[in-house]
Amino acid sequence: MTDSPSLESNNKSDMDTPRPPASSHDEHDAAESVSEKQDSATTSPTGKLEPEYLTGLRLGLVMFTIFVSTILVSLEIGIIATAIPGITNDFRKLDDVGWYGSATFILAAAASPLWGKLYKYLNVKWVYLSAVGIFLVGSIVAAAAPNSVAVIVGRALQGWGASGVLGGTLIVINYVAPPRNHPLLIGTWMAVFMMSTILGPVIGGAFTSGVSWRWCFWINLPVGGPIVVLLLLFLRVPKHVKPVPATWKEIILNLDIPGFCLLLVSLVCLTLALQWGGQTKTWDDGSVIATLVLWILLTIGFFIVEWLQGARAMAPLSILKQRMTWSNVIFCLVSYAALYQVMFYLPIYFQSIHGQSAVTSGVNTLPFLAFFALGAMVSGGAIGKTRYTQPYELAGALIMTAGMALIYILDVDSPKAKYIGAEVLFGFGIGLCNQVPMTAVQGFSKPDEVASATGIMVMCQTLSGAYFVAIAQSLFANRMLHALNSGSDHLDVALVLGTGASELQDVFSGDDLTAVIDAYMVGIKDVFAFSLACAAFSVILTALIPFKRLPDHEKKPSKDAMASDEVKASEEVQQEKKVTV
């Protein structure tokens, strides 16, 4: 990577005329990393600017702005669940139902590392605004969709923008807030994200039944407009969080477009195979087998390309090879699998088995939300004090597994006290450990790798959704249909699949309704069993996570250490110039 022309000329001049480190302009810029979180700054004896973080009202305004942006995009993740019946009534495309949710996760997973690179090389504020803009464009496309394909395209654009907003929010927190506040702020952000995601179906149900499913997307415009204004007014990244100098050609090469394309197409192939297999086509159908084979080949190709790309890869080996990173990546993938399945299928349990409306089922998930938020803030505050992360991942995984076991034993006649108790335990456990991997990876990353590391972690979170939500949907549909065909083969399978969970009581009656509810329970139980396995496996995975104390970046290094760091940074820049053509 080369410096800009002005920096390069300065470097040449400095090499010809030796001078003290304190006056070396090029070394000052080279050593200055993208994770320095200053607003105003003081100069150290080596010429580097010491960190001074936002506090008080200024920090509060930035946090408020990015948290509101998070609410905007996270509502759309869950809102589609109750909008689907209205969409299928308009377009009559039952085969596309799975894509309305999957398209968002697929684009979010594939694009997250790209956003991390963009935040590294470009102005943080304008990249963040671009992500919000793409999300709003996707909302317009979905709201005005003349057909089912347009809805899918709109949802994909929403996922693309949402990944930039979510990743950008975590990057901004890392840049502007004091390091010891990061765990609590990330925990609070995670609570806001989860509450918005789960309340999405409630809002979607109100719009779908009261106005139109299109308002699930139109509503983003009057809400998004003021958010853009807030971002323009209050999103202030510290002055010394500067983009890494690079030409446009270098930026494009570092985006790793080949890796992005391979990952995107592989996810599409897997989703197609899981949506066809056992539902619209048999598992031994040629198209199902072909898409599964393509998924395997493309995934292998993706890893080969990532290895060949080296430092330009979407997930650079220099970041992933660190034990603190790869162990938390795996833990994140598996724990999020348990979370997503409960998040999507617990409301289905309430609506299909207990006959609750979307609004009532949303109210019954509030205990889960409340204790998730409590767990996230407890672990965030505790990590801020102790600076250790692994104990909270272990404790959270254990409590989450116990709660998941209680959720698994729920049945058609389970009383309210039973499912509320299970929710509380699971919510508190997943809340304790959910945001910790992000905190750990950011905390142990090198300053110039924070943006890329954040992109990788957001990719893991959304990739877990892309993979495991699709797997859970396939498992649920296949097991439900098998149970239905075994007990009541006279029922119309297409009608059962096309009926929303909250509408079963209106469409079916008598023995048919009983048969459908029993079949739903079989499918839901298998999904919960899968989620329980993921939760239990996450307990084992905590043994891989290092027991280390988070570094305290607020401590000012000694003069000798700063001088040594500056020399190293200058040498790295000179070396990059030699190897970059």
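For all residues, glycine too, the Cβ spot is worked out from N, Cα and C.
What Swiss-Prot annotates here:
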COMPBIAS  1-10  compositional bias 'Polar residues'
REGION    1-47  region 'Disordered'
CARBOHYD  Asn11  N-linked glycosylation site
COMPBIAS  24-39  compositional bias 'Basic and acidic residues'
TRANSMEM  96-116  transmembrane segment
TRANSMEM  126-146  transmembrane segment
TRANSMEM  159-179  transmembrane segment
TRANSMEM  184-204  transmembrane segment
TRANSMEM  215-235  transmembrane segment
TRANSMEM  251-271  transmembrane segment
TRANSMEM  288-308  transmembrane segment
TRANSMEM  330-350  transmembrane segment
TRANSMEM  392-412  transmembrane segment
TRANSMEM  424-444  transmembrane segment
TRANSMEM  456-476  transmembrane segment
TRANSMEM  527-547  transmembrane segment
REGION    552-581  region 'Disordered'
COMPBIAS  565-581  compositional bias 'Basic and acidic residues'
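Residues 331, 335, 338, 342, 346, 349, 353, 375, 379, 382-383, 418-419, 421-434, 436-437, 517-518, 521, 525, 528-529, 531-532, 535-536, 538-539, 541-542, 545 of the same chain, all 6+ positions outside the transmembrane segment (392-412), place their C-beta atoms under 8 angstroms from a C-beta of that stretch.
Contact between the transmembrane segment (456-476) and the transmembrane segment (126-146) is absent: fewer than three CB pairs lie under 8 Å, with pairs separated by 6 or more positions in sequence.
For the transmembrane segment (330-350), the list of distant contacts is 78, 81, 194, 197-198, 201, 356, 358, 360-362, 364-365, 368, 393, 397, 400, 404, 407, 410, 419, 423, 426, 430, 433-434, 437-438, 457, 460-461, 463-465, 467-469, 472, 476, 501, 520, 524, 527-528, 530-532, 534-535, 537-538, 541-542, 544-545: same-chain residues at least six beyond its ends, Cβ to Cβ under 8 Å. As a quick check, the transmembrane segment (96-116) and the transmembrane segment (288-308) miss the bar of 3 or more Cβ pairs under 8 A, pairs 6 or more apart, so the two do not touch. Sequence-distant contacts of the transmembrane segment (527-547), counting only residues of its own chain at least 6 positions beyond either end whose CB sits under 8 Å from a CB of the stretch, comprise 323-324, 327-328, 330-331, 334-335, 337-338, 341-342, 345, 388-391, 393-394, 397-398, 400-401, 404-405, 407-408, 410, 433, 440, 468, 471-472, 475-476.
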